[in-house]
Structure formats: structure tokens, C-alpha cells
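Notes for the one structure printed next.
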Amino acid sequence: MTYRWILPMALLLCFSTTALSVNYDLLRSQLRSSNSACLMLLRQLNGAPQRCPEDTMNFQVPEEIEQAQQFQKEDAALVIYEMLQHTWRIFRRNFASTGWNETIVKNLLVEVHLQMDRLETNLEEIMEEESSTWGNTTILRLKKYYGRISQYLKAKKYSHCAWTVVQAEMLRNLAFLNGLTDYLQN
């Protein structure tokens, strides 16, 4: 009697697992589109690093991010999420001294948050399936990197020049994010 339910249950489990699995190609496409929007918004902010030559800074991007070569798609998703989260936090800080258009900054924050929302759903599934120790060291290095950016802004009292330097760094970050999205493939 119980045998006749085993096959339908097995098929149901198989199909539901397939239906629930992460569609990395769709995610990659969505993230690339949103990254392009963020890039456009960041470029609309009026900052020119040439005007602040004394305020240059090397924030020391983690090497595995700058020269990403061996990422598993699950690790890439986790790293992308972490980068977006810190980017979002940075742009929520005091940027009043910049003269930036608040609407542009708000739109940038919306785009970044939208990417985070898209990733959160997938990350929940990824985290259930595996635990990555590789990602932990990279995440720690990323936190230190973004900490240096935050400390720089604070030390410079959120000056226009400091924000201009950070804006240029965030433009670099978007290039790194685009490179990382290449690892999100089915």
C-alpha cells in the first residue's frame, strides 16, 4: 500500500527541488542590468578626483576581488551581496557637503537595495545547501576594506573631496561586481 505513494512522492520532491533551485542566468542578467543603472547614477554625481589631488587613497581592495579568477557561483553570490550591503551603508552616510542631487543618491540606494533583495532569496537557498569556509576569509577582508572607506570619510569629516574619492572607488567596485556576476551561471 505504501509503495504506490513512494514514486509520486519521489517525483514531487525531484520536481520541487528543480523548481526551487537558483536560476543563476536570470540573476546574472538582473544584476548586470542593475549594475549598469548604478554606474549611470554614480557618474551623474558631480565629482572629479582631479580637483582633489591631495585626497587620494588606496583602500586596498582584497586581491581575490580585484583579480577574481576562481569563484564558485555560490561564493560569488555571497561576495556580491556583501559588497552591495557595504555600498548601500556607505551611501546612506552624511553626503550633504557634496552638493550631490539627493534624488540621484536615493535612486542609487534603491538600485543597490533591489540587487540585495534579488540576492537574498537565492542566498537563503545557497546557505541551506552548503557552508563555505572560503567565503568567510574573503568576507572578512571585504569588511576591513569597506571599514577603511568608512574611516576615511569620517577622518575627512565627510568632505566633498573625500566623497569624490569614495565615488571613484565605488565606480571601481561596480567593475568588480560586473566581473563577479560572470560567475553566476547555471
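For all residues, glycine too, the Cβ spot is worked out from N, Cα and C.
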As recorded in Swiss-Prot, which of Cys14, Cys161 forms the disulphide with Cys52: Cys161
Protein Cβ atoms within 10 Å of Cys161 (disulfide bond), excluding its own: 19
For Tyr24 (phosphotyrosine), the number of other Cβ atoms found within 10 Å of its own Cβ: 18
Tyr24 (phosphotyrosine) versus Cys161 (disulfide bond) - Cα distance in angstrom: 38
Number of Cβ atoms other than its own within 10 Å, given for Cys52 (disulfide bond): 18
Tyr24 (phosphotyrosine) versus Asn136 (N-linked glycosylation site) - Cα distance in angstrom: 21
Local Cβ density at Asn101 (N-linked glycosylation site) - other Cβ atoms counted within 10 Å: 13
